[in-house]
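Right, one structure below, let's go through it.
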Amino acid sequence: MSGYSSDRDRGRDRGFGAPRFGGSRAGPLSGKKFGNPGEKLVKKKWDLDEPPKFEKNFYQEHPDLARRTAQEVETYRRSKEITVRGHNCPKPVLNFYEANFPANVMDVIARQNFTEPTAIQAQGWPVALSGLDMVGVAQTGSGKTLSYLLPAIVHINHQPFLERGDGPICLVLAPTRELAQQVQQVAAEYCRACRLKSTCIYGGAPKGPQIRDLERGVEICIATPGRLIDFLECGKTNLRRTTYLVLDEADRMLDMGFEPQIRKIVDQIRPDRQTLMWSATWPKEVRQLAEDFLKDYIHINIGALELSANHNILQIVDVCHDVEKDEKLIRLMEEIMSEKENKTIVFVETKRRCDELTRKMRRDGWPAMGIHGDKSQQERDWVLNEFKHGKAPILIATDVASRGLDVEDVKFVINYDYPNSSEDYIHRIGRTARSTKTGTAYTFFTPNNIKQVSDLISVLREANQAINPKLLQLVEDRGSGRSRGRGGMKDDRRDRYSAGKRGGFNTFRDRENYDRGYSSLLKRDFGAKTQNGAYSAANYTNGSFGSNFVSAGIQTSFRTGNPTGTYQNGYDSTQQYGSNVPNMHNGMNQQAYAYPATAAAPMIGYPMPTGYSQ
């Protein structure tokens, strides 16, 4: 059999002998929940003479690769934008057969119709197979999962069989349950072919099936930090057999605050392990983690060294105001849904916005579903399945799905709310244009996001994208201190209204209505402050004054159609007026805008006209 051979016969039955190091027949310990995850775990003081030695260098350079000159290697790396740092880095493989994987692995690769390794696979496989620690920095959708899974299979095949009570040989830590499940789906097919066992453990799902998998013994465990900490604390599994550690999307795990849990977990693993860290960015926090966990590692970077987006994505930025987003989204979805390939992810900032927007769109007949962290695992799995199979081609999501969500045919990404950082922006739009395909990303950028405008322009320029002139204007206004309106951009909607008739903005003159009040309901109430601090209220939709208007201590009722009552003006005189009085004074001795007496407007269907609040 070509490829890597080992003394492990996967066909023979596995007997349960005496437990080796790391195992116990005493059964699982009863555990309790703690406020500080992992505080029950004690850092192990490793004596490397105690556990058995293990082999981690299995790399056999293919003859075709050995004949390749240094100049040819450099030309290939330059063409694929591969940057390598570290000593004695192996040459990249240009074809699958040059990696010398076992025949059953090659059969699965052939069934999946892969033509050639991606850039991160070409350079990452020789490094991982050599037993070296490595850091891989590459954009989303670049094939990172197979970059560490296939060398893991080779590594496992050269280790002794698991005994009862042994933990996994390969541990993959992932930031979210969605990413963990996707890694498990990729691993499952290769594990079946190689007669290995894998499992996925994550929060939000029943513990029973996950515990049974661990007790039966698995070579590969894909886990989120929180659930793994739970199982380690109560003795459901252990990591003393773990010799191959993968930190997938390390930057995301740090963003989510998992660093203490990661350190607790790594303390349970023998220090002579092989460690592979994968990330889409290379901030100082990730660099520090690499320095702490990795030894003499090889750093592989795919693409530009600075923050960069996938160049296969067309990025379109629309500078607008918050109240315009809904209408713009509907117009955009009408165009997208007319396309044959129309699978779309809409990213929003909050869980509440996700639920509200999902309800609005479904109410108006759009095939949309929402996903965020507060939904149950069963509901999240169902929503993702419906989205993947095209039954609901519009997915509205918070950042819980912005990384690791691997759906091959996502054609469009819409940033309804701009994220908090350009790193998150790059990860969001990276849900499209997976595996060398193309895609389009639309972004609604408001003046409230002005702090991110410079970084966004840098990302657009690096990817050779057209830059909206309004973005450049925001930078100019911000730099010169000429910021106008809320958030630094002039509110040009006011120019569409003549003086005294800005019903969408002010009831009375702007300066004297500075501290007006608004309600958040569809029927907007405008308030004008009087001398004594009371407020009048005008219902925007039916043209009538509401009840209980108070001015200078006098309570007066205003009713639709024929308002009568008393009103005290700025000269402390009281006048009686009826329905035909043309000029009312507002307590500040200024002319009030006369609302037309119109019939009540019907409920406005979504999307709402620009004259109404959105």
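Using the three backbone atoms N, Cα and C, a Cβ is placed for every residue, glycine included.
Here Swiss-Prot gives motif 'DEAD box' for one range in the set 84-87, 248-251, 480-483, 572-575: that range is 248-251. The recorded sites in question are K53, K388, K411, and the one with the fewest Cβ neighbours inside 10 Å is K53. Ranking the recorded sites K45, K391, K470 by the number of CB atoms within 10 A of their own CB puts K470 at the top.
Long-range contacts of the motif 'DEAD box' (248-251) within the same chain, counting only residues at least 6 positions beyond its ends with a Cβ under 8 Å from a Cβ of the stretch, are 144-145, 148, 172-175, 179, 183, 277-283, 285-286, 289-290, 403-404, 423. In the motif 'DEAD box' (248-251), helix, strand and coil residues by DSSP number 2 helix, 0 strand, 2 coil. DSSP assigns K470 (SUMO2 cross-link) to a helix in the three-state reduction.
Following the DSSP three-state reduction, the secondary structure of K388 (SUMO2 cross-link) is helix. K411 (SUMO2 cross-link) has K391 as its nearest neighbour among the recorded sites K53, K391, K451, going by CA to CA distance. The secondary structure of K45 (SUMO2 cross-link), as reduced to three states from DSSP, is coil rather than helix or strand. Listed in sequence order, the same-chain residues six or more apart from K451 (SUMO2 cross-link) with CB atoms under 8 A from its CB number zero; the list is none.
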